[in-house]
Amino acid sequence: MKDRFELVSNYQPQGDQPKAIDQLVKGINEGRKHQTLLGATGTGKTFTMSNVIKEVNKPTLVIAHNKTLAGQLYSEFKEFFPNNAVEYFVSYYDYYQPEAYVPQTDTFIEKDASINDEIDKLRHSATSALFERKDVIIVASVSCIYGLGSPEEYREMVLSLRTEMEIERNELLRKLVDIQYARNDIDFQRGTFRVRGDVVEIFPASRDEHCVRVEFFGDEIERIREVDALTGEILGEREHVAIFPASHFVTREEKMKKAIINIEEELEERLKALREEGKLLEAQRLEQRTRYDLEMMREMGFCSGIENYSRHLTLRPAGSTPYTLLDYFPDDFLMVIDESHVTIPQIRGMYNGDQARKQVLVDHGFRLPSALDNRPLRFEEFEKHIHNIVYVSATPGPYELEHTPEMVEQIIRPTGLLDPIIEVRPIEGQIDDLIGEIQQRIERNERVLVTTLTKKMSEDLTDYLKEIGIKVTYLHSEIKTLERIEIIRDLRLGKHDVLVGINLLREGLDIPEVSLVAILDADKEGFLRSERSLIQTIGRAARNAEGRVIMYADKITNSMEIAINETKRRREQQEAYNEKHGITPKTINKKIRDVIRATHAAEDQEEYQVKEEPKLSKMTKKEREKVIAQMESDMKEAAKALDFERAAELRDLLLELKSEG
């Protein structure tokens with residue numbers, strides 16, 4: 001079992017990083033429960049945390065407040081720890097409509113979801129890694145506090161296979177079905193197995209390329225091989241292999257029987273209560289739905305929406321804490337909360353929203369009351385999982401300030417870049433003044449971010465700037481994640497010179513080409529102009545040596561004063577450090593493709609694209625066969641998904657490649 005973290009980097013800790021690393025490591029080793037890393041934008045907080053993880057050498061959970069940020073962190077940690085298990089655990093839904101009921105219109109909305117198979121694979125990879133090794137970093141979104149199956153049950157259901165082990169072939173098949181693998185001799189994919197005489201091939205739920213081939217001689221396993229699922233190429237011999245369940249909600253047969261009895265008892269009690277209240281329609285609805293689920297569980301071992309019965313399946317008492325990803329970690333793991341000023345309030349709010357929706361379903365006979373126990377953790381339950389935690393933020397929130405009176409500061413940037421100079425200018429004539437500033441930046445091939453207070457103002461300003469010939473675009477909340485990434489990329493490439501937005505110019509928008517951030521109506525106190533929002537927005541100009549911030553305001557508010565003073569304090573520290581060490585600030589030179597790559601989580605290998613024709617002449621015979629096999633598989637997948645244009649494109653290319661070969 002591998003159990004040491006190996007940090008791979010061309011950089012050494014610089015500036016404030018060595019001091020911050022030492023303080024955090026010392027705090028963890030001394031058993032300090034809560035610590036906060038107050039890290040200014042661009043000071044290399046991820047690199048600092050990577051060094052801390054390496055030094056304390058504990059399994060680590062990193063929680064981010066959205067999938068995009070989690071994907072960015074996943075990519076960065078994967079680069080720093082290429083020889084360790086860096087995993088990704090976010091919600092596997094591309095689209096999710098939870099079941100709900102609107103009593104006013106008597107409308108029941110069925111659960112509707114589209115599951116991303118790649119992310120499901122990564123979730124299984126994350127949980128199995130925790131049972132197999134200690135050098136694990138899991139980057140997760142807040143979905144990690146939602147219910148998952150029992151870790152003990154999951155561990156007990158792992159199928160351990162060894163060479164020379166005595167087991168009947170049919171018994172192995174039964175055990176695979178018990179852990180929710182499906183037999184499919186034709187469409188072999190993740191979470192399935194196929195049988196060919198004395199050979200059983202298993203496609204683990206945590207993989208997408210390699211499968212396990214188990215060869216029998218009588219009632220004994222003669223050989224275990226790892227095989228390329230696409231080409232059939234043998235990759236190696238194995239003495240032992242562990243097959244993890246294909247679902248996190250797996251239950252042994254005897255537990256399932258007990259759970260079914262308990263569900264039936266609860267159903268009878270609930271039906272009696274509903275009938276006594278005169279809710280006959282609700283009682284009929286509940287009985288019909290629950291009995292159908294019970295029949296499915298008896299016959300198949302699972303049903304649609306089985307997570308709503310998770311309390312019974314794990315034999316937990318009513319109201320008890322559900323199992324989550326946090327229970328899969330050992331007791332002394334390290335937790336890191338990224339952008340904690342946003343993530344902590346998000347964790348706090350999850351429980352109430354979930355309960356409000358489910359209570360309506362219970363009241364109107366769509367679910368049993370036990371469905372309320374399939375829920376995210378309450379905040380106090382989440383706190384019980386904290387052993388060592390590091391909050392990471394440029395602007396720590398009240399919770400972090402309360403629990404960590406002493407901050408670990410990281411103000412100095414390794415690049416020598418300073419926090420930007422801030423000017424306050426009057427609101428009267430702000431647009432004309434702004435246009436003059438934009439023109440100066442365009443001449444120097446630099447970019448500008450403008451933040452407004454309302455959607456209408458953003459749209460009007462964008463239209464006005466377009467009319468006078470400025471290349472401008474508008475970023476708003478309705479733009480999808482990938483479109484947003486494209487817009488940021490186009491800004492960096494110079495297709496746009498100005499980006500206008502409302503609350504979108506804060507966390508995670510690191511664009512070195514931006515030399516000016518303009519904050520309109522800076523003196524309007526509120527969420528968008530609070531001290532934290534202002535400091536985060538100011539930080540967007542800290543990646544450029546010419547960084548400036550202009551606040552348009554008629555008076556200096558308390559929030560403005562705090563933000564200006566904090567920025568000034570940091571800048572003075574940075575200037576003193578640069579002077580002492582003879583450092584000249586230089587704008588970060590960040591490759592433009594990094595912006596895109598960092599946000600496509602878990603894409604270790606570039607997807608095969610039709611436009612990028614493989615050069616067959618430069619390939620070996622084996623490589624050529626693999627490319628052709630992959631294309632055939634892609635063509636069939638496209639046809640199955642009714643994407644016939646893509647399938648035809650692949651077919652034509654395939655014929656061309658085969659004729660060349």
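Including glycine, each Cβ sits where the backbone N, Cα and C put it.
These features come from Swiss-Prot:
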| type | residues | note |
| --- | --- | --- |
| BINDING | Gly39, Ala40, Thr41, Gly42, Thr43, Gly44, Lys45, Thr46 | ATP binding site |
| DOMAIN | 26-413 | domain 'Helicase ATP-binding' |
| DOMAIN | 430-596 | domain 'Helicase C-terminal' |
| DOMAIN | 625-660 | domain 'UVR' |
| MOTIF | 92-115 | motif 'Beta-hairpin' |
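Neighbour counts of Cβ atoms within 10 Å were compared across the binding-site residues Thr41, Thr43; the minimum falls on Thr41.
Same-chain residues that are not part of Gly39, Ala40, Thr41, Gly42, Thr43, Gly44, Lys45, Thr46 yet have a Cβ within 8 Å of the Cβ center of the ATP site turn out to be Thr48, Ala394, Gln410, Arg413. For the recorded site, Thr46 (ATP binding site), the DSSP three-state label reads helix. Residues near Ala40 (ATP binding site) in space but far in sequence (CB under 8 A, at least 6 apart, same chain), listed by position: Ala394, Gln410, Ile411, Arg413, Asp419, Gly539, Ala542, Arg570. Looking only at the motif 'Beta-hairpin' (92-115), the predicted model's pLDDT averages out at 65.
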